[in-house]
Amino acid sequence: MNKKTRIAITGPIGRMGRMLIKEIQNNKQSHLTVAVVQKKHQLIGQDIGRIIGIGEIGVLISDELNIKKNDFDVLIDFTRPAGTLEYLKYCNKFKKNIVIGTTGFSKEEIDIIKSYSQKIAIIIASNFSIGINLLFQLIKKTTQIIGKDSDINILEYHHRNKIDAPSGTALEIGEVISKVMNWNLNQDSIYYQKGITGIRDAKKIGFSIVRAGNIVGKHTVMFSSCDEEIKITHTASNRMSFARGAIQSALWIHKKNTGLFDMTDVLSL
């Protein structure tokens, strides 16, 4: 009988953390062993299962990842860039692999993550949903066929508490398109604003961003020509699809030694 992969979760009390824990508990191949919060958090020492409403599971909330180094195989992190980089230091020190779902990294921070991948195995993805990763492939193919004849726009919608914009997923969609078109996403993007904007530049990707209510996540890519329009849309109805993909990634990366991976590697796309 195969041993279960022991997983540590950072930010276990947040929306994503709760979903991850519930999915781990439902997965026969994984086992939650560590739940890490910020220093001096008021819930330290409490059973995380009781806190998130699934009953006691024997995992106490801690702010000391270093003393838990022998208790987990893979860390899953959906926090913020500064926190992720700190957890990466721990993982590198203790030779633990990590799954990163945090978004909003700067180029310099991405370079730091890449440097750590020479010593440990890292999966980083803007979106762990299987559906959104299939969307990336559809967008790539569509861009190859009609990209040069279309105005391309990305519309993304998220809940009012999301702190980064555009979303990491929207930016990744932009990168997929830019690679096919041989564009530079940083230079060849339009972020719509009021006023006289002039005629739309055909060789740019337009971004429209909505933050409202409790929208989990919706991304639409529009390919518009003079004669027709194609829309490709992915809508997440809840966060469980993200959690399942992250757990699948943790199981996949458990036995890897080093390297930087994403969901296309996990899904063999």
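The chain as shown is numbered from 1 upward.
Backbone N, Cα and C define each Cβ position, glycine as well.
Feature annotations, courtesy of Swiss-Prot:
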- His158: active site, proton donor/acceptor (ACT_SITE)
- Lys162: active site, proton donor (ACT_SITE)
- Gly11, Pro12, Ile13, Gly14, Arg15, Met16, Gly101, Thr102, Thr103, Ala125, Ser126, Asn127, Phe128: NAD(+) binding site (BINDING)
- Lys39: NADP(+) binding site (BINDING)
- His159, Gly168, Thr169: (S)-2,3,4,5-tetrahydrodipicolinate binding site (BINDING)
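Swiss-Prot feature annotations superimposed on the structure.
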residue : record                                          : Cβ neighbours (10 Å)
Gly11   : NAD(+) binding site                             : 23
Ile13   : NAD(+) binding site                             : 17
Arg15   : NAD(+) binding site                             : 15
Gly101  : NAD(+) binding site                             : 24
Thr103  : NAD(+) binding site                             : 23
Ser126  : NAD(+) binding site                             : 23
His159  : (S)-2,3,4,5-tetrahydrodipicolinate binding site : 13
Lys162  : active site, proton donor                       : 16
Gly168  : (S)-2,3,4,5-tetrahydrodipicolinate binding site : 18
Thr169  : (S)-2,3,4,5-tetrahydrodipicolinate binding site : 24
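Rounded to a whole number, the distance between the Cα atoms of His159 ((S)-2,3,4,5-tetrahydrodipicolinate binding site) and Lys39 (NADP(+) binding site) is 27 Å. When the recorded positions Arg15, Ser126, His158, Lys162 are compared by Cα distance to Thr169 ((S)-2,3,4,5-tetrahydrodipicolinate binding site), the shortest distance belongs to Ser126.
Of all the recorded positions in the list His158, His159, Lys162, Gly168, the shortest Cα-Cα distance to Ser126 (NAD(+) binding site) is found for Gly168.
For the residue listed as 'active site, proton donor/acceptor', the same-chain residues that are 6 or more apart in sequence and have a Cβ closer than 8 Å to its Cβ are Ser167, Val210, Arg211, Ile215, Val216, Gly217, Lys218. Apart from His159, Gly168, Thr169, the residues listed for (S)-2,3,4,5-tetrahydrodipicolinate, the same chain places the Cβ atoms of Thr103, Ser126, Asn127, Glu156, His158, Lys162, Asp164, Ser167, Ala170, Gly217 within 8 Å of the centroid of those Cβ atoms. Annotated pair Gly11 (NAD(+) binding site) and Lys162 (active site, proton donor), C-alpha to C-alpha distance, rounded: 15 Å. Thr103 (NAD(+) binding site) and Gly168 ((S)-2,3,4,5-tetrahydrodipicolinate binding site) are 5 Å apart (CA-CA, integer value). In sequence order, Gly101, Ser241, Phe242, Ala243, Arg244, Gly245, Ala246, Gln248, Ser249, Met263 constitute the residues six or more apart from Phe128 (NAD(+) binding site) in its chain with CB-CB distances below 8 Å. Its Cβ taken as reference, Lys39 (NADP(+) binding site) is surrounded by 7 other Cβ atoms within 10 Å in the chains shown. Rounded to a whole value, the Cα-Cα separation of Thr103 (NAD(+) binding site) and Lys162 (active site, proton donor) is 10 Å.
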